[in-house]
């Protein structure tokens, strides 16, 4: 079973991201706009209960926080991904670190850069053109975050929520 752990932004932020993703992201139909806390990983069905229990513990140790989304960035030249930058807060860093240590030990492919993907799989020329146009626009959004989600991948490649974890003591 393939799992991932994400934060979903507000509908307003998702709508703004989806307006761009429809044109620039081939994964648009597979998963809503999100901030990845832990990249997709394979696990056995019998481990799911332990994973859920650990995520409840992590959520209870994390206070709700404000998500700040603004500006457009890119991972080029490593890959042609365009994204909305998400300010790295202590809470986001804590969540990411907890999901890559102890029970969740897994090699990281990249350093943690919180973001909302709005384009990927673009040619070099298309990437440069889209990035240039989007960098001239002003984007800034903020919202309270009080939960994260464990997703699993269906056979058709789409992702769906398995469980939601509310942040803060007494919420799980």
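All residue numbers here begin at 1 and follow the chain in the order shown.
Using N, Cα and C of the backbone, Cβ positions are placed for all residues, glycine too.
Annotated range for motif 'HXTX 1' in Swiss-Prot, selecting from 26-29, 30-33, 34-37: 34-37. Swiss-Prot lists motif 'HXTX 2' for one of the ranges 111-114, 115-118, 119-122, namely 115-118.
Counted with DSSP, the motif 'HXTX 1' (34-37) comes out as 0 helix, 3 strand, 1 coil. Within the same chain, the residues at least 6 positions away from residue 34 (active site, proton donor) whose Cβ sits under 8 Å from its Cβ are 6, 7, 8, 9, 116, listed in sequence order.
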